[in-house]
Number of protein chains: 2
Amino acid sequence: MKKSALQVARASYMPKMPKALRGQVIAVEGNATQSVADQDAIKNLFPNTYGLPLIEFQPAKETREYAPIHTGVILSGGQAPGGHNVIAGLFDGLKALHPDSKLYGFLMGPSGLVEHKYMELTADIIEEYRNTGGFDIIGSGRTKLETKEQFDKGLEVLQELNIGALVIIGGDDSNTNACVLAEYYAKIGAGVQVIGCPKTIDGDLKNEQIETSFGFDTACKVYSEVIGNIQRDCNSARKYWHFIKLMGRSASHITLECALQTQPNYVIISEEVEANNLSLDDVITRIAQIVADRAAAGNNFGTVLIPEGLIEFVPAMKALIAELNDFLAENAVEYARIKRSEQRNYIISKLSAKNAAVFASLPHDVARQLTLDRDPHGNVQVSLIETEKLVAEMVGAKLKQWKEDGLYVGKYLAQTHFFGYEGRCAAPSNFDADYCYSLGYNAACLIGEGKTGYMSSISNTTAPASEWKAGGVPITMMMNMERRHGEMKPVIQKALVKLDGAPFKTMAAEREIWAKETLYIYPGPIQYFGPTEVCDQPTKTLQLEQQK
Amino acid sequence: MKKSALQVARASYMPKMPKALRGQVIAVEGNATQSVADQDAIKNLFPNTYGLPLIEFQPAKETREYAPIHTGVILSGGQAPGGHNVIAGLFDGLKALHPDSKLYGFLMGPSGLVEHKYMELTADIIEEYRNTGGFDIIGSGRTKLETKEQFDKGLEVLQELNIGALVIIGGDDSNTNACVLAEYYAKIGAGVQVIGCPKTIDGDLKNEQIETSFGFDTACKVYSEVIGNIQRDCNSARKYWHFIKLMGRSASHITLECALQTQPNYVIISEEVEANNLSLDDVITRIAQIVADRAAAGNNFGTVLIPEGLIEFVPAMKALIAELNDFLAENAVEYARIKRSEQRNYIISKLSAKNAAVFASLPHDVARQLTLDRDPHGNVQVSLIETEKLVAEMVGAKLKQWKEDGLYVGKYLAQTHFFGYEGRCAAPSNFDADYCYSLGYNAACLIGEGKTGYMSSISNTTAPASEWKAGGVPITMMMNMERRHGEMKPVIQKALVKLDGAPFKTMAAEREIWAKETLYIYPGPIQYFGPTEVCDQPTKTLQLEQQK
């Protein structure tokens, strides 16, 4: 297999680890914990894994013997840079516990456990994947581990392979399910520990205990690299407005972080749109005003960052989509009979006045998209809407109107971009390489201590890696009860962008001047070999959040 | 102005230079040269700048005195990484000739010369831009310098500023015009030398004398970085076909280079499509066959690289577009009266049978696009066609048909990407930083020798920079006569991908196995600080072309 020069050179990078994990460890236990809300309900659902103490590892003074423990590992959900290093750290940690420990990877996500598809991850295989991006070592998948049947089926293969611990690397939902599985295996005395690891480029799995999810750092740096390049182009050609959509449907952390790294002329934060009950027209008007103001100063160019999930955070759009979902589900047959050229007017005539007005205000293509392809649940596929084009086009329409009204003089040419797949499988930054390796190694330590229902936790992450803290957080501690598909479920609270948090407030304090001036920052590509201030810095989000 | 850590660290990079340029130089002249074709015609048009000798600089044994020479510089056309280093090298070279030499930048491209918009580039300003991407130091533009009026108008400001030399940094057309300007100023005894520098990310300005144009290296590395990341995602999720379009309308060098760097499952090369007189359906069928073959092996995923200019290289599409241009120009009023829903059938009924069939075979959106927005000359705006979606959709339609016919079993989900603006203004790779600085410094040497009508030339570029050769190539030497807008014009020959050249042949020899296996290479981001095999390698194209 041919490799690039960088693949070859990067393979030998030794991830930096917290001092506490470098030799044998002892687990220092804190007080009993509580869930973040709904304590009684969560306690009832998790009698065996509720209320466990926080754990912090310290270097051990005395040497201990550990028995070999075979462990399974699963990559769950979307790719995030550093997943391979979690597995490498886990492998090394297990071997440090006992050289006869084995690591098995379940293939293509949680379904590998249920369908008994797996491979042993030997030292040779692990070597090939150190410090690389991607989840291709064992693949990933989106099957949800939720049912007793799945758990029992999984247990068959775990027992067959004599596996005593399972590490699930995933986002908030996958870690919720890891805890449900931990509880179930504890309840039936299956003898299988379950440990979670916090993964997601979206950055929405974080809380008091978990400072950041892995992959966020690298993905944001890749996006910021290309945003910076586009901004330099924008500032050289001085003739385009670039509308750049960034992955992340459920929260705007990526978009906010990239804005902090690159200082675009405007950035939309979905959480702010929702909190202020803004309409799409409000958002468009704001951007058009910035375009007009810059044009008045002779600058017919600029950049706008857009979070992928915007549409679903606009209250009026949410209402429209909900009514469309219901209406089209009930009238699918009749709608299918309407001539293509009549469909638009048909929909407008059937919706409630308020939603009909919103629908009519959308560009034809977007409106049409909302009435087309449905997902398997019959819902509008919001992810297929090209929000970046929608915004660019609506801003253009608004400016055209203003020009006719004599309110705007300028040229408006738009370019659109969407970045997502470009960042999910990049080779991890030093931060993610170190953080992931430590998370995995630390997971092995939790296994060695016999823990279950814990999430591997590395904290103090804005300090040099040697000073990072390592330990475990009971997953139940992060849970509350939320309505999902009509039922109350215990789930890990998703972290949205906080409008009173330091990252948002820092951006908000500067955005007026970003809009007016051209203060682009050009972060450039991730560097692996240079000075530490270039290679080892965590995200602005993390730095601002952890700032005392 | 806030800067990123990398901007700060990279500012102090000292570009590597050929040994020959490190002290004072002497110009060693070769024999008189000839144009590559149409010698009599070119000689007639360029009596003052035709037949000049090739020049190679050697270290001088004796010190010479140079008078101060004020010089103007113009960035012409699309951005390319390294333009700022050409200017920095030029500045340093001029100051080495004489500290009182001044450098003026004309603003926003050639129009700055004609409209007398300029700024002096002082040492302070130059310092801010060393080793950075973009053309924002003075901006760029696409005005063509072609008329006597422009030349005379430009001369006014040159004389006003006492400028004795002009450096034009541009692609093939800009360098052609630089030579026309050199000839004109020589003819009228204006006392202004004109020197060109070979710029374009497209890589289509190269020939026997000029090994590569600057920016190609960096841009291809940025695109290959994100293509590699997408491929790793593709190979992890194992559920998408990614169709990736790359900038470069007039030649497929970028797409070919990126393919050599990343080994996708398929790569379209426009020049091959044209040479083999392939239809769009031929291209689609080939890709669909690869999708089907991979599906049969259980691999419902893959990557395809597509050059931006594809449509214009498909002979049948070229014919269709030509007829559409003529027909719509003649029937604009009547067409405007046709109802939107009837336009498609109207066009089909009016075109010749062959072109009507091609038109009818296109997805509705693309066909519609071809009849919409026209450029200022009334032509179809081919660049607005989303070729990557066109190909993805047509492959899907073909597979659907095959599935119905029982010829294909598999899942087909497509994602599309277009990369262009992401790479044009990246901070230059070491190669481009060194190459550009040397080109600029070398241009100053040509100015010092009193040359005009030359292109700055740095060769032997696959050797370490210290061994690069520096000199000048008479621009007339690269010219031939071509028909442009109905008139025969002297132009620099554009370099298309040669089907018998080493880069194409290397790809062609391996593509069957790339299609079948999954042999992706992941180049990762450009590195500025690491080992030389990671940081200093030229493109695969250059390495293969220069291989003896």
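Glycine is treated like the rest: Cβ placed from N, Cα and C.
Site annotation (TrEMBL): substrate is bound by B:T200, B:I201, B:D202, B:K239, B:Y240, B:M247, B:G248, B:R249, B:Y421, B:E422, B:G423, B:R424, and the candidate from B:E146, B:E149, B:E308, B:E482 recorded at this site is B:E308. Taking Cα separation as the measure, B:G248 (substrate binding site) is nearest to B:G78 of the recorded positions B:G78, B:D173, B:K199.
Within 10 Å of B:T200 (substrate binding site), counting C-alpha to C-alpha distances, fall the following of the recorded positions B:G78, B:D172, B:D173: B:G78, B:D172. The two recorded residues, B:D172 (Mg(2+) binding site) and B:K199 (site 'Important for catalytic activity'), show a Cα separation of 8 Å. For the pair formed by B:E422 (substrate binding site) and B:K199 (site 'Important for catalytic activity'), distance between Cα atoms is given as 17 Å, rounded to the nearest Å. Across the domain 'Phosphofructokinase' (B:72-316), the prediction's mean pLDDT works out to 97. B:Y240 (substrate binding site) sits 33 Å from B:G78 (diphosphate binding site), counting Cα to Cα. Checking the recorded positions B:D173, B:K199, B:E308, B:E422, B:R424 against chain A with a Cβ-Cβ cut-off of under 8 Å leaves B:E422, B:R424. In the three-state DSSP classification, B:G248 (substrate binding site) falls within coil. The number of other Cβ atoms within 10 Å of the Cβ belonging to B:D172 (Mg(2+) binding site), over all protein chains shown, comes to 26.
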